[in-house]
Amino acid sequence: MRPEGYDYDTHSRLAGPLTEPEDGGGYRVQYRSLLAGEPHRIRAVLLMTLAPLLTGALLVYLVWPAHWTEREGGDRWLVGLDVTMLVAIGLIEVFMLVNVVSIAHATMVARDPVPVVPEPGTRVAFLTTYVPGKEPLAMVRATLEGAVRIEHTGPMDVWLLDEGDDDEAKALCAELGVRHFTRKGVPEWNRAKGPHKARTKHGNYNAWLARHGGAYDFFASVDTDHVPLPNFLTRMMGFFRDPDVAFVVGPQVYGNYTSPVTKAAESQQFLFHALIQRAGNRYRAPMFVGTNNVVRISALRQVGGLYDSITEDMATGFELHRHRNPATGRHWRSVYTPDVLAVGEGPASWTDFFTQQMRWSRGTYETVFQQYWKAPFSMPPGRLFSYTLMLVYYPMTAVNWLLGVLSCVLFLWFGASGTQVAASVWLMLYSDAAALQIGLYLWNRRHNVSPHEPEGSGGLAGMAMSALSAPIYAKSLGSAILRRPCRFVVTPKGGGTTADRLLTFRIHLFWTAVLGCSLVASFVLGHTHVAMRTWAVLAMAISLAPVAVWSVTAAQERRGRRAAARQRSAEPGTDGEPEPAFATGTTSGGN
């Protein structure tokens, strides 16, 4: 979707103008530091220094041995709960410190690549997929029409990878001059698991790779709902002059920027696309993002194709970054460009957003459990550090939520208290640390890559969306630990959404019930510490926020429909009787 009124052209050149590579060969990707180019970088240095220091001071203050709760002659079970509380508080503060260090580190090292003119003559296949019945053909048409307009100084074929061998899809391909591929009916390309797993995106791509990959040097790809800009390859292909670059990725933006959920979902991705991925450039290892990318086929074949995972892009990038280019002996590299080169669709309902977050978090847990242990033996230390900071986000957020609720329950029900500190000192340290963290976040908003968010906006909706996603990440973590199956669900696209129901919010309502019962119990049992009650109320607010937004939005939509119906009934000729239909001898075109 490409809505009017947004400056996509300017945002497709955020990395700067194209340059010519230096003469003499041996090209390596060059970078510009974001911090070095800031005229007021002293403020950023102060923020990214003071925020971790004050967060660390808060951690030390809370777990200082002199502040531990002592119960002389107390029941052993209550002493055990006190210890549990102390450990929970310590872990919560440690995770907060890791998060602050991650953002401060990214602020310090973030950089953009210097774009160069692509090498002429490279053979490129442009790929996108189609699942009949799940994705509207009109959306596929828009994506393919954008693809055939892409500029490239060499042979380029556009391919549609059709899971269903659909006749209408084949007719569309013939109309647009697009090549059609399907793996339907080929048993070796439709396995129960592995690189050719049936009904998966990675299985579809790997089948094409096995059949046609040898005819090309690179493939570019976008998700079916992403319309590429004409300069998609012009801005990405130049980095492949560096022989060690395995893939190039760009940011994800949502063109259906209309519903509150979609707007907040795009804002939530600000830190990842504007900062974390740019920090990955420092270690030549930004994460592989499947929404829009270009991949060196020889590198992908070396690792066996796209990885069998619910988030095949991240898992595949992880494998590529562990391996070396056999031609040079150096580790494969990747490049993240801030250029917005494709415009897609985001979740427009809470159901679709929660499904997306469940899948992303589950894929991260699978990478942590199944792949991460290999990294210390195969990745350079800096790259391992960068990946670790990226991978711990979902598990830390999930565990933080669980520990926070556990702390509230232990105090409000049993009066457990792991640490005894002066409320005034705690409030001063916590408020100052939080203010510095928010200040660092807001300072980095100047590097936002979204063409949709207003310039100078604070991104508060994105921060709120991250907070209320925590219960989803906790549920996903539990499923991953218990090894419950998680299947890939195609997010509705092309203007379609999954309708929200009260059941959509069952996870959040469960935690609301737990916290609400605990608050009631605290009044009955006399456990009245203001801070713990405040945390419980805040956690309840997070749990109820999506329900409240959904209720208000649904009420507004109902009022809008009623008003529109009243307006139609008030217009002449619309008094409830159907208007007569007249047959004419001419048509105005269309179907």
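Each residue, glycine too, has its Cβ placed from N, Cα and C.
Worth saying up front: this structure is predicted, and the values here are computed from it rather than measured.
The feature compositional bias 'Basic and acidic residues' is assigned by TrEMBL to 1-12.
Here the region 'Disordered' (1-21) has long-range neighbours at 27, 32, 112-117, 142, 146, 225, 227, 229, 231, 234-235, 238, 241, 255-257, 337-341, 343-345, 449, 451-452, meaning same-chain residues at least 6 beyond its ends whose C-beta is under 8 angstroms from one of its own. The region 'Disordered' annotation in TrEMBL covers 1-21 (among others).
Annotation comment: TrEMBL describes 44-64 (among others) as transmembrane segment. Outside the transmembrane segment (44-64), and at least 6 residues removed from its termini, the chain residues within Cβ reach (under 8 Å) are 35, 38, 86, 89-90, 93-94, 96-97, 100-101, 103-105, 107-108, 419, 421, 425-426, 429-430, 432-433, 436-437, 439-440, 443.
For 76-101 (among others), the entry in TrEMBL reads transmembrane segment.
Annotated domain 'Glycosyltransferase 2-like' per TrEMBL: 222-418, in sequence order.
For 391-415 (among others), the entry in TrEMBL reads transmembrane segment.
Annotation comment: TrEMBL describes 421-443 (among others) as transmembrane segment. Sequence-distant contacts of the transmembrane segment (421-443) (same chain, at least 6 residues past either end, Cβ-Cβ under 8 Å): 43-44, 47-48, 50-51, 54-55, 57-58, 61-62, 67, 96, 100, 103-104, 107, 271, 458-459, 463, 530-531.
Residues or ranges marked as transmembrane segment by TrEMBL: 509-528 (among others).
TrEMBL lists 534-552 (among others) with the feature transmembrane segment. Same-chain neighbours of the transmembrane segment (534-552): 260, 350, 404-405, 407-408, 412, 464, 467-468, 470-471, 500, 502, 504-505, 508-509, 511-512, 515-516, 518-519, 522, counting only residues six or more beyond its ends whose CB sits under 8 Å from a CB of the stretch.
According to TrEMBL, the feature region 'Disordered' maps to 560-591 (among others).
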The domain 'Glycosyltransferase 2-like' (222-418) [mean pLDDT, rounded to integer]: 97
Contact set, same chain, for the transmembrane segment (509-528): CB under 8 Å, 6 or more residues outside the stretch: 405, 408-409, 411-415, 471, 502, 536-537, 539-540, 543-544, 547
